[in-house]
Amino acid sequence: MKDLLKFLKAQTKTEEFDAIKIALASPDMIRSWSFGEVKKPETINYRTFKPERDGLFCARIFGPVKDYECLCGKYKRLKHRGVICEKCGVEVTQTKVRRERMGHIELASPTAHIWFLKSLPSRIGLLLDMPLRDIERVLYFESYVVIEGGMTNLERSQILTEEQYLDALEEFGDEFDAKMGAEAIQALLKSMDLEAECEQLREELNETNSETKRKKLTKRIKLLEAFVQSGNKPEWMILTVLPVLPPDLRPLVPLDGGRFATSDLNDLYRRVINRNNRLKRLLDLAAPDIIVRNEKRMLQEAVDALLDNGRRGRAITGSNKRPLKSLADMIKGKQGRFRQNLLGKRVDYSGRSVITVGPYLRLHQCGLPKKMALELFKPFIYGKLELRGLATTIKAAKKMVEREEAVVWDILDEVIREHPVLLNRAPTLHRLGIQAFEPVLIEGKAIQLHPLVCAAYNADFDGDQMAVHVPLTLEAQLEARALMMSTNNILSPANGEPIIVPSQDVVLGLYYMTRDKINAKGEGMVLTGPKEAERLYRSGQAELHARVKVRITEYEKDANGEFVAKTSLIDTTVGRAILWMIVPKGLPFSIVNQPLGKKAISKMLNTCYRILGLKPTVIFADQTMYTGFAYAARSGASVGIDDMVIPAKKAEIIAEAEAEVAEIQEQFQSGLVTAGERYNKVIDIWAAANDRVSKAMMDNLQTETVINRNGEEEQQVSFNSIYMMADSGARGSAAQIRQLAGMRGLMAKPDGSIIETPITANFREGLNVLQYFISTHGARKGLADTALKTANSGYLTRRLVDVAQDLVVTEDDCGTLEGITMTPVIEGGDVKEPLRDRVLGRVTAEDVLKPGTADILVARNTLLNEQWCDILEANSVDSVKVRSVVTCDTDFGVCAHCYGRDLARGHIINKGEAIGVIAAQSIGEPGTQLTMRTFHIGGAASRAAAESSIQVKNKGSIRLSNAKSVVNSSGKLVVTSRNTELKLIDEFGRTKESYKVPYGAVMAKGDGEQVAGGETVANWDPHTMPVITEVAGYIRFTDMIDGQTITRQTDELTGLSSLVVLDSAERTAGGKDLRPALKIVDANGNDVLIPGTDMPAQYFLPGKAIVQLEDGVQISSGDTLARIPQESGGTKDITGGLPRVADLFEARRPKEPAILAEVAGIVSFGKETKGKRRLVITPVDGGDAYEEMIPKWRQLNVFEGERVERGDVISDGPEAPHDILRLRGVQAVTRYIVNEVQDVYRLQGVKINDKHIEVIVRQMLRKATIMDAGSSEFLEGEQVEYSRVKIANRELEANGKVSATYMRDLLGITKASLATESFISAASFQETTRVLTEAAVAGKRDELRGLKENVIVGRLIPAGTGYAYHQDRMRRRAAGELPAAPQVTAEDASASLAELLNAGLGGNDNE
């Protein structure tokens, strides 16, 4: 037996390899793979079912059909191994060689490989510098191509039609050489001198100035260099020998009834062989040219169809009218080789069943049905039975198990003990979708699942199924226990909060037992401790909610980690005292001394984890669950129709609203308001009414009046069941209660617009037919949305995983000083996310100073944990520069310091953690909770009134950043800068609120002044944009000619007149070139200069501007010279939810992006064209002016003569991330993408750590474009991996050479996935054909750095425990050690095996 094992070990020899190279196969190489030429199209003999000789299934070429048996049956058995039968020519060996032996077909005429021809950009076309159309005409025998011009005036690779060719033949005779078909193309490719061509192109590149030409030349140079470096020959793109796939990979299977099922490839091969043989015959017969030509064309088409059916012309179809599946189709798509068989395989030792609740299980257990366990652990049971001597052979053991003898169950118990199993629920959206549990054997057929892990699986018990997998090897069991056990996954990797959190019943139970009630039985008692409290409650002496005093002993950890006891009498309730019994030592009593809602319970577990660690938390979580269930059952909380209390005020509120609507209707009929205004007002009225009803309803539900001990009335929080469920966070929400007991409110039509008559009824009162009908639409839309959402969200996750899969933590510290500055997220008056939440678990990039001093508060490279964050908060620090993966300097992967804390474990991240995949899962998993729709601004959905002032909420001092302002005549400040920000700072120096202040706003308070809460600090007119003068003087009109550039309008009511500047479109011919402006002069008529510059103060007026001043009027600084009406922002759709996230990660340019200043300087306008104006920015320090054409309809934020900085907004709109990167740098674009993505998730209440989004951004910034190559081998304008530029520059600098300059590129995630260094990963993602073609031509090496590549080639992935294995391998190879080789040679092993087999299985074949 030992020898047998040795032999098997020797058989499965593992190849040690580090990279995989892909290249073009030369004809000789194809022949060297082949075991013989396939000459006939026959497959198998229809009578004998034996393969035909020289056919597609020929046994002589591909190997025997039966193990160790030749075709004619002369040689059978192992002893003849390796003999070649002289009768039928078949080698006697295993039949599995039919899976690996290839054949070949010698093509009678060369044929082009369709991938290199048609996969755009066409490689053959690029190499020959001929249009694809022309090449196709040559290949398919429509025209000739000149191969050798000789002494004639014909160029090489010139295309000739039939007539031109005949004329040339007459003229020059055989001076020149022209051919058609693939031979011609092959000859052209063969005669190319790649190096010389390359030199010539490089010279051309240096001379040319045209952008398009440069692009084309660089493309050709890259291709030619790829050919030179990879050792591929261009003529190999034309096939002369066609390889034939091994027959077992394109099987022919007999069905019952004498029919055969065959792979489509056989049909395709048959066509090729038939046409090839016919062509050979025609050539032997010297048939007329036209016939041969036709046959060659047909051969070319047959080969095309075999390689990639349907790529050119119509796809070849089989008998059933469906296109045949070609070789290319075999590997691409979801059903192709990559995604179906290499990335996702079915596994053995697995089962699935329905899940039910296991409320009595411990957190690390799951209930496994005995039937399933018996089947899954069969091999272990057989082994144990044999080991114990209970069964003599495996066969006997098998019989015992089938009979289910009593002893088998005992053995099963033993086998299962301490052997974890994996439970998985599809869809596995993040890594918590597969966790390990210890199985507990149960009766029945359903798997029992612990209720607390349902949140991680997103499982419920309405018929969900789960799969069970058994880790077999010791290593697998170890990993399952140490890494995947449910008890080790308490925190969510997405945000670091507990994910093992009680929900629903448990929350309700805990909430109920921690509530207090006035005048409950037993109120005012003083108890000796929690035990007495429980005794009183059990014996009925006191109610759960009674307010009592209890003696409580708390334990606190001191500096040495010892517990210190502290006992005191505390006011609490009986229920809370009982709950205290399960709280672990070391937590304060205050944690349970409050009504516990879902949030409070989550916080409680989190605190427990941070203070006490993993084990106590797990035990605590389990105990909370048992307690919660028990007390939920005792509470008797149920839902009855009387719990839905309808507010008494409802009828009168609705009546009032109806009266208001009637009034608006009258105004509309008398023509005072437009139809649109009426609609909007009606909807506003109803939205307000709905809010009032729901407020009245909640007030009503929230409190109830009770009599206290002294007989007085007192208000207390209600014990209404529905209210308790919503308040505790167990089930339901205020919005749902509103529909039950308030009014349903406004509904939307299918197109998203709001129906102006609301549903005034609620579900308790019931809906009438019309109301019900209006409601059905929304319900159906919800279902349709969900279905779409799931698919879209899944696709987003797939793209994210693909772009980030090769990002792994590879070193401890890269030593970079870079980082990104974190500030709290403040929108308007509220802090959306405090600084603490953003920097927790990050590493500081520089010393954090105490505000206002030079003292170091936190040193550089400190991991900010909870304690450090408390220090930051105490010192009211409001910006911290932290390390970030985006700025990490590691070449491949990132370093632990730049990543910071591993969110799921709570300590700094380990090397080898696959942070890319974790990030992708964390962003993708909540994708299904995001909305799918784009919101139309319409109705009450989201109509914010145009803001016209800033009102602060808190008291504090004002700070204005990047503000310019002037003082107007009444002494107020007027803002004259564009992107001014107003921050409110409280007395500790913390930023509380932040607002944008528009140009022309009048400030009531200035920078640094104190304000009280509720004070208005700035106001402006939202409908017009003013032009404000910065200097005082007299107005002088220039180019303001009545009737040409301006018109005078008089208001009928007031009699005031104003001038309106005409748009250039409305002007007469004479006024086209005039530039109306207001100039400011002093009393003597000299120009006044703008302070701090030598520019005269003159303000050019755009079209539609309104001037209310006359020529020569005196004005003071800060006055409004003119007003430009703002068109209200139109009703732009806000893209929200999932599509918005996808747009951000795909880095799509918005429709009308903001126009940003490319350089810093002074703005002026050049000559206008028909629809555009010319913006010129002249740098202050001289240098070339930058020009840009801007469409006239864009509203500009700058006036002529204004100074702008690089990256300033010139015209409003959504900013394009590419512009932000180009003009403001990596930090700014990171901040933009992170904040925008977070906005979408925050709206849905989903918490994701910023890190994850930064990880994806890092991958989007993977490429750089070379601006100037320096001494490197890069080409100018070439797009290369950023890490490669960094490494190259480091080497160049070390050798004192000129390094390359580059610009970072932002790629969308799909683009970035396809642009990865690894062609295996890219090919398995999308566009398989294109990726493989490109890689083959370039002769690419895949270094197998990422996860995906390694999964595909079947190695351990370089992450987690596989990371150590790969590091070890590298180390051993560097040290020159060889992997331990098997001690036994193959010859010895096979000999001993033969002996064994012949001895043991000699006579009896009839087992």
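Keep in mind that glycine also has a Cβ here, set from the backbone N, Cα and C atoms.
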Inset, instruction - Name the one residue among C608, C814 that Swiss-Prot lists for the same Zn(2+) 2 site as C888, C895, C898. - result: C814
Inset, instruction - Compare the Cα of D462 (Mg(2+) binding site) against each of the binding-site residues C70, C888, C898 and report the nearest. - result: C898
Legend entry - Among D460, D464, C814, C895, which are recorded as binding-site residues, the nearest neighbour of C88 (Zn(2+) 1 binding site) by Cα: D464
Legend entry - Rounded inter-Cα distance in Å - C898 (Zn(2+) 2 binding site), C72 (Zn(2+) 1 binding site): 69
Inset, instruction - Determine the most Cβ-crowded residue among the binding-site residues C70, C72, C85, C88, C814, using a 10 Å radius around each Cβ and all protein chains in the structure. - result: C70
Inset, instruction - Restricting to the same chain and to sequence separations of six or more, state which residues have a Cβ under 8 Å from that of D464 (Mg(2+) binding site). - result: V354, I355, R425
Legend entry - Nearest of the binding-site residues (D460, C814, C888, C895) to C85 (Zn(2+) 1 binding site) - Cα to Cα: C895
Inset, instruction - Look up D464 (Mg(2+) binding site) in the DSSP assignment and reduce it to helix, strand or coil. - result: coil
Inset, instruction - Just give me the nearest neighbour of D460 (Mg(2+) binding site) among the binding-site residues C70, C72, C814, C888, C895, Cα to Cα. - result: C895
Inset, instruction - Look up C898 (Zn(2+) 2 binding site) in the DSSP assignment and report helix, strand or coil. - result: helix
Inset, instruction - Can you figure out which of C814, C888, C895 (the binding-site residues) comes closest in space to C72 (Zn(2+) 1 binding site), comparing Cα atoms? - result: C895
Legend entry - Neighbourhood of C888 (Zn(2+) 2 binding site) by C-beta distance under 8 A, where only residues 6 or more apart in the same chain count: C814, T816, V894, C895, C898, Y899, R1258
